[in-house]
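What follows is a short report on a single structure.
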């Protein structure tokens, strides 16, 4: 046993040192997102009596489908915070764990680093164990930071036990999906496959949990995400779901080690299929090759955006009841009047627009990975210009910028059409989504500029996107200054369908996109590859 784990501690320290900044930004973002919400709720609901109609709203099928079964025995700010934020934050924590585990296991093999490490005197299971220890440490820090932070927030009912239970529910769920990713990493052959399958399983579990909470409770009891509401944070504080999640993680960990012992290095247990003897027409151009390489991501993100829009659209039938007695949601609305559905469309489209920006950035920044392994030399050794090579990634990003927000809008229309007696017109929903394309293109331009001049600073673009989410989505709740919102492209998008179309901001954003593109292309032509 000791021989199999030889030098695990050194590899763990290496992983922690290498990933320290990514861990810091993930943890800081999650903790900040958690701690800024309770004070905002306190400003909106100074009296607990105002919470009673809100808690009645939580028992509606649409809300239970989105947030989980409403096991709410006490009506106070703490229980409302836990119910509204718990499942949403768990999804973010799960994604964090999925990305880290995939990178440090299957990613190491795919990049050839595992082969180099295996040439050193390390145990067979040392790398796998190091990845597990790293995730245990990351999730433990998350528990402590959130538990201590919420305990010190100085708002009634935010008890110490409830605060640490809330943090533990996030960490235990994240660890479960990390261990699930560890199993998937033994089955799949690439890092992208590992991430894709793991996030797909997360999405499937969320959907099955939603179906179970609304119409088949027995189904949600089999889903890990369905166990979370049973914690009843800040009311009854049940710890058994945490124990169950940790026990399930241990089972998945054992399965991962068994599978790892039965496969060859750099190989997955799922069958792989040989390609065609000759390259198809799609692979005979740089753009076609990138489309072929990224098509799985395009399909997965397209389905995900449609489902996201569908889940938002499905609550439109109950919006009148939601907003009637909920001042918090009313503050987020755009425009005046009693048509709450149309007023709520812009804020949902802004959220989906920011989510749709992620695959755009991923598609363009994929060139960084190609260059880190010098694969671009194989392409550029042929009669292919640098601009043509760069644009093969950019065109995929531009396709994403249009396709993802349109899929999200289609999903929203499908959801609201099935839940409302008088649904919003199809063209209104599509146009309300399409106006966010220029804002997404601004990020595409920034990504190209970073690739051309500051390749290692791509994290800045993602941080800017996170800033946009913070000030645009939570700006109304946190009373963010108007000038802070105007520092984001999403803050200048016309709020259709309740506001009039305003073309100048959209044209300015298109101009900024073109300028950033040109600057990035010039930098890419001049840089030393």
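Placement of Cβ uses the backbone N, Cα and C atoms for every residue, glycine included.
TrEMBL does not curate its annotations; it predicts them automatically.
Looking at 50-70, 239-259, the stretch flagged in TrEMBL as transmembrane segment turns out to be 239-259. TrEMBL lists transmembrane segment for one of the ranges 263-280, 461-478, namely 461-478. Comparing 239-259, 386-409, 506-524 for CB pairs under 8 angstroms to the transmembrane segment (429-454), the maximum falls on 506-524.
Contacts between the transmembrane segment (126-152) and the transmembrane segment (21-41): present, as 3 or more C-beta pairs lie under 8 angstroms, all at sequence separation of six or more. Of the candidate ranges 21-41, 164-185, 343-365, 386-409, 506-524, 164-185 has the most C-beta pairs within less than 8 angstroms of the transmembrane segment (197-219).
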